[in-house]
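Written out below as structure tokens is the structure these notes cover.
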Amino acid sequence: MGSLHRASKTLKSLRHQLLLQATQQFDSSSRLSGSSDYRLLLARALCSHPRQNAKEAVDLTQYPPERIRNFSIIAHVDHGKSTLADRLLELTGTIKRGHGQPQYLDKLQVERERGITVKAQTATMFHKYNLQDEPQPFLLNLIDTPGHVDFSYEVSRSLAACQGALLVVDAAQGVQAQTVANFYLAFESNLTIIPVINKIDQPTADPDRIKDQLKSMFDLEPSDCLLTSAKTGQGLEHVLPAVIERIPPPPGEGSGLLRMLLLDSYYDEYKGVICHVAVVDGMLRKGDKISAAATGQTYDVLDVGFMHPELTQTGVLLTGQVGYVVTGMRSTKEARIGDTLFHAKTIVKPLPGFKAARHMVFSGLFPADGSDFEALNHAIERLTCNDASVSVTKESSTALGLGFRCGFLGLLHMDVFHQRLEQEYGTHIISTVPTVPYIFEYSDGSKVEVQNPAALPSNSKQRVTASWEPTVLATIIIPSEYVGPVITLCSERRGQQLEYSFIDSQRAFMKYRLPLREIVVDFYNELKSITSGYASFDYEDSEYQQADLVKLDILLNGQAVDAMATIVHSLKAQRMGRELVDKLKKFIDRQMFEIIIQAAIGSKVVARETISAMRKNVLAKCYGGDITRKRKLLEKQKEGKKRMKRVGSVDIPQEAFHQLLKVS
Ligand SMILES: Nc1nc2c(ncn2[C@@H]2O[C@H](COP(=O)(O)OP(=O)(O)OP(=O)(O)O)[C@@H](O)[C@H]2O)c(=O)[nH]1
């Protein structure tokens with residue numbers, strides 16, 4: 001509750017105090033050192049902005065870098081990160097206990113519904129801690145991170161602003177694939193890692209076994225492990241002391257030139273683009289002019305503050321602090337994640353940015369009703385304002401009309417995007433089979449990246465001289481009894497085993513190189529189902545490998561449906577063609593004419609099905625009579641149908657497209 005106490009100081013007395021200090025120190029400003037330069041700089045900052053409101057009166061001078069800890073919570077999905085974050089926010093009085101909205105930092109509707117974290121959120125907390133028997137104020141920045149593989153990009157950028165991480169592990173489930181991935185992300189970023197064994201209230205909890213796993217896999221000392229239950233509150237009192245004592249304060253030069261790392265951005269209806277930043281060196285004040293290293297653009301700082309956990313104005317951000325900045329940016333596209341922001345007209349060395357997000361999955365998005373294109377366009381524009389990790393280009397399909405080709409970080413990311421489009425913007429969409437970015441080389445030596453199978457000419461096989469597909473390095477952790485089925489699944493999916501060992505007597509650890517195409521569709525579900533839900537899986541993108549790829553066309557009555565084309569490995573083309581054709585047969589209704597469904601590679605048909613026409617009984621009025629008359633009527637009917645076949649267009653229900661997504 002330190003913040004409330006401090007907020008109760010009137011702005012007047014604070015300014016007066018700062019002004020005094022500023023005057024006393026002004027003459028000796030050339031000899032600034034330690035935290036006193038902070039006070040002086042801050043005094044100048046506040047004095048130059050006399051119209052700040054009471055909320056801005058948080059006394060940041062109490063928080064030089066040595067009183068700041070920036071940390072993240074990382075874990076496998078569902079091990080309790082967001083719940084633990086909630087408890088810490090409650091413990092520090094940042095939010096009220098039992099505020100009726102669990103997982104406070106999970107703000108998106110999809111996050112609450114699916115119980116997953118998609119976007120990393122930040123919250124600043126104030127905490128008094130006894131150092132040498134004196135309660136000292138600390139400012140703690142907690143950065144929540146997503147747990148799902150698709151969003152590991154968000155994890156690595158959150159870690160860039162931290163000096164330490166709580167590695168949360170479920171006391172019953174133990175180390176899982178994402179625990180391994182997240183541990184290495186934190187370890188490679190040189191962060192102090194505090195192991196937290198959570199959910200110790202569960203009847204199946206076995207903290208000693210988990211301690212052994214953490215020691216054998218990551219060399220984390222059993223005595224360093226904290227035991228907690230974010231549900232019952234047990235052991236939580238040890239978390240913040242460990243954060244303060246074990247994690248180092250942020251480095252950086254308080255009196256140096258301003259350098260800020262742009263961590264994230266989103267669009268707010270009222271304020272415009274809001275950037276989350278970490279101040280690495282120097283100080284930022286409202287009214288400053290700042291430039292972005294990547295884009296070269298200059299902006300006025302209109303508002304600045306931190307997340308407590310809602311946006312709280314402070315008018316200033318100091319070295320080591322994490323907060324938000326509002327400038328006049330019109331779109332989040334201007335805010336390049338990982339960019340360095342600095343005072344205009346100063347020369348600074350840009351901070352190392354992040355690895356750019358790589359689009360793993362592409363799919364076409366079309367309005368279910370062609371006339372809704374404008375509405376879909378508007379919805380996508382608005383949504384990508386807040387999710388700059390989606391790439392969007394316009395696309396036109398003969399079957400589905402005008403639409404968009406979107407690139408996503410993974411299948412869940414794609415699903416979440418679709419769900420948000422429907423929930424938040426009320427759009428109805430048809431999405432095409434997801435594909436991955438392939439590389440094709442043509443006989444003239446040119447290489448192209450193909451993100452849309454329709455863009456690859458059907459008879460291209462003669463001209464294509466080589467093709468490559470992206471691969472991933474997958475980590476799979478499973479109970480030992482499931483090793484056999486998992487090896488079979490991975491080899492069916494053209495995987496190559498790279499590592500196979502045991503974490504302890506019960507769990508096996510495997511590393512595979514797998515073609516990305518083989519995991520984007522249904523791999524995770526299949527893996528979960530053959531291991532009764534016990535498998536955990538994570539992947540990181542890896543190099544391209546050469547593969548014999550072909551384009552598989554779907555033809556309805558001889559006409560290729562561009563939106564249904566896929567690129568597949570030649571060994572799987574036949575089987576996949578059969579599956580697609582069978583699926584379509586089930587979901588396309590019978591029509592007044594016969595429908596022939598074919599799967600073809602170039603001119604070679606690999607699978608075929610026929611949906612017979614609904615038959616009108618032309619003989620209904622023909623009681624008894626001559627057989628030749630009946631034959632004549634039936635012949636006439638056949639002729640008519642032939643014509644309908646030629647002019648008729650097949651109605652493909654939306655469900656058919658959805659079903660195609662599930663064929664691997
Ligand atoms: N029994 C028990 N359940 C817990 C505990 N902590 C969290 N949970 C439950 O575990 C589930 C997952 O918790 P979250 O906090 O959403 O997990 P997360 O790691 O943030 O999940 P993602 O955001 O999807 O990565 C929820 O149903 C929580 O109520 C605990 O200490 N004990």
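Using N, Cα and C of the backbone, Cβ positions are placed for all residues, glycine too.
Automatic prediction, not curation, is the source of TrEMBL annotations.
Annotated GTP binding site per TrEMBL: 75-82, 144-148, 198-201, in sequence order. The domain 'Tr-type G' annotation in TrEMBL covers 66-251.
Recorded features from TrEMBL, shown on the structure.
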{"residue": "ALA75", "record": "GTP binding site", "CB count, 10 Å": "26"}
{"residue": "ASP78", "record": "GTP binding site", "CB count, 10 Å": "17"}
{"residue": "LYS81", "record": "GTP binding site", "CB count, 10 Å": "28"}
{"residue": "ILE200", "record": "GTP binding site", "CB count, 10 Å": "21"}
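Among the binding-site residues ASP78, LYS81, ILE200, the residues whose Cβ lies under 6 Å from any atom of ligand 1 are, in sequence order, ASP78, LYS81. Summarised as a single figure, the pLDDT of the domain 'Tr-type G' (66-251) averages 84. Taken residue by residue with DSSP, LYS81 (GTP binding site) is part of a helix.
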